[in-house]
Each structure stands twice: as C-alpha cells, then as structure tokens.
C-alpha cells in the first residue's frame, strides 16, 4: 500500500505538459524523417541536373551514355569529387523508371519491416535503415557513372527497401512512448518531418546541383546526414522508457501506466496475432482510409503541377516559393490539429473514436472539394495557389485520424498494423499515375483533368465514409495476446464448471 501511495503522489507531482525525454526522442525521429523525405523527394530535381536528352530518335542510348564526351582529369575527378561531372542521355521512360524504382523496394518490404520492428525494436531497425541509406547514397554517384541507369535503379531500390522500415519502426516506437493525452502532439512533432523534408529537399537539391558540388554532391550530402542521424539514433534513442538510462522515474511511470505496460513487459516476445489483426474491423477501416489518403496525395503532389503546366499555362516548379508554400503551411497547421485533437480527448468533449473520425473527415472532405474545384476555377495562379494552400492546410488533419489510430487500437502491434496498411495503400495508390495516363488522352483537356480530380476526390470521400462508419479507437483485446489467451482459457473453464454437475467427495452420496 505504501508503494502504491508513493507512486500516486509521484504521478500527481509530475507535470504532463513539461518537456521530457519523450519529447527529446520525438525530436530525434523528426530529424530522421525530415532527412528521409528530403532524400525521397530529391530524385526528380536531381535528374534535371543529371540528364540532357534532346529527343533525337537517332541517339544511341546505352546504360551509361553521356550527352557530351566526359574526360577524367585526375583522381578527384575520377571519384567525382570535383567538376566537371558526367551528363547522361536518358529518355523520359528511363527517368520514370529511375523515379519509380524507389517505390518498388518501399512496397516490397513493408510487411516484413513491421515484423522486424516488433521483434528487434525501433532503435535497431531505424539505425540500420539510416546506415544503409547512408552507404547507398554516398556510392550512388560512382555507381551511376560506371554502371549507368541500371545501377542507379538498384541503389534506389535499396534505399526504398531500407526506408520501408521507417514508418513501421516509428509506429512501434510510439506504441511504447506516446500516452493517449499527448499522442497527437508527439506524433505530429515527428511526422511533421514528412512535410518539412519536402519543403527543404526541393530547393536544397536545386541549390547543390547548381554549385561546384554538382549532382553528385546531392547524394553525398544526404548520405552523410543519414549516417549522422543514424549514429544519433543509436546513441540517444531507446525502444521503451524502461530502457532509457536518463528518464525520471515519474515520467517513466506516467508513460507506462497510461499505455498499460506492466513491470517486466516485453512485447518483443509476444507472437503477432495475425489472424486477429486481419479479422479486426478497425484494421480494415484504417487500411481503407490509408488507401484513399495516399491516392489523393499522389494526385495532389504529382499530377497537379502537370495540370497547371499543360492546362493553366503555369509552371509552378519554376518558382521555389510557390512550390514550397503549401508544404510549409501543412507543416505549421500540423501542430494546430495535433493540439486540437488532444484537447478534444483531454477535455472529454469527444471520445477517442469520434475524435479520430472528426480529424479524418476534416482532412478528407475539404481536400476532395479542393481537387474538384481545380478543374473549374479561372486560370489564375493566385486562385490555384490559394486552393493548394488551403487543401494542404486541412489535409494534414487526417494524420490525427487514421494515421495514429493504429496506436489507439494496439500499442504493442502498432508497427505491424502500420506496415500492413502502408503496404496496401502504396500498392493500390501506385495505380494512380497509370489511371491518370489512361484518362488523359488529351493532356490539355480541362474536362479530362476534371475526371482525374473527381476520381481522387471519390477516393477521399468514400474512404473517409468507410472509416467514419467502421473505424474505432477502442483498445483491442488481442493487444495482450498472452493475457487474452489466459482469460479465454479461464472463461472456458468457468463455463464448463457451470454446465457439469459438481463431483461429490463422498462416493456413497452418488449411490
């Protein structure tokens, strides 16, 4: 009783809103995600600096052909540490293969990555992911020159395979570190790196490629940053509060008691309840919401610039500020929606389930309306940019909906659930560019572009409706498989004892 009373007094003294080691851990992951997304977004701009294809049908393309004779001058130039740098004759099809190759590896390893995160923990998995990205990125320039586009595809597939471990690893981490009342803010602090990584990555890539470092410097910089953040993760990150060497007893008790982790809790030893996850209604609600979000996001990020170029006559890529502004606004509003959803839960204005549904609806419905309106508004850059900013500003709200819902349902298997939904979402949403190509028989037709945006809006609306109907944030009974099986066994014994007549100790009484 004395220990329990002391524990309660400690929790009362502990200030939930104060800065703690849980916030420090999230900041480390924020930088890791920012670097990862910058590396992911840099390929398109890098190819502009790497290639010079003149659309000449007589051009003889080989895997390492250059648009001009490249002569090596000294050892440093051989290692491509000083200019001049080779320029490649890769047509648009080869460039598209290079860009999409990252996704091949990213999708393939999603589900295994969730299992690895559950078994070995987020720290080891994320450290390994960033280390592999470091090596692949640093070696990519040399491999590209001596091995051609096939070699760069191989390196990008390797980067995709390693980065497939990031989202499951981070969700596994949050399953151990993110209490319910701070879940929105803590996850937003980290996942804000998705938007900021794109904001910083695009202009930074252009600046480096135009400098004396050239296009090889892009990959070397990201490689060094990946190695640095990997070392920081290995040094400072902890899989669980109990494994952190400097966290206070009060903060550790606050996190573990909120998540229901008892002393000696080791979820790595728990078998993944795949059958129960695949039978869970909440899991399918998350998967459908994730698919709709990813499809709409690909259209918004990849196809809208082409629409403005072909139909509106505005090339937004020519203006770095206009390109970065929607992402910057999304990063800022990310913090507002994280505070807003946490406030709804803390003040008990809404249940956790309804809070997730409201957040997801705020992110999907305005985005759908904004996409449809793009095809019908006047051809004015200010109007288009305003719509894009508003769409991105509210779209991020869905991150406080389906994206953190895995942790609500099962903190112990959040990484596994994320790997499953991320695999399904990216697999199906990868058809978005193909579908767009089939619809756009005339890339300058506003009517056909309206069909493209309507399909994306339909994905937003239908997936959100499914999530609102079937979504839940209730803790699953299979979150603790061993305890669940024990309880089920006890329940069976209890039922059996109720049905069978009691056995008399005196044999003579039965006669």
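Cβ atoms are placed via backbone N, Cα and C, with glycine included.
Curation does not apply to TrEMBL; its annotations are automatic.
Per TrEMBL, the features are as follows:
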type     : residues : note
TRANSMEM : 27-50    : transmembrane segment
DOMAIN   : 32-475   : domain 'Major facilitator superfamily (MFS) profile'
TRANSMEM : 97-117   : transmembrane segment
TRANSMEM : 124-140  : transmembrane segment
TRANSMEM : 188-211  : transmembrane segment
TRANSMEM : 217-237  : transmembrane segment
TRANSMEM : 284-301  : transmembrane segment
TRANSMEM : 321-346  : transmembrane segment
TRANSMEM : 358-376  : transmembrane segment
TRANSMEM : 382-402  : transmembrane segment
TRANSMEM : 423-443  : transmembrane segment
TRANSMEM : 449-470  : transmembrane segment
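Sequence-distant contacts of the transmembrane segment (423-443) (same chain, at least 6 residues past either end, Cβ-Cβ under 8 Å): 103, 106-107, 110-111, 287, 290-291, 293-295, 297-299, 302-303, 306, 310-311, 449, 451-452, 455-456.
Across the domain 'Major facilitator superfamily (MFS) profile' (32-475), the model assigns an average pLDDT of 85. Listed as Cβ neighbours of the transmembrane segment (188-211) (distance under 8 Å, sequence separation of 6 or more from its ends, same chain) are residues 23, 26-27, 29-42, 45-46, 48-49, 170, 174, 217-218, 221, 320, 323-324, 327-328, 330-331, 334-335, 337-338, 396, 399-400, 403.
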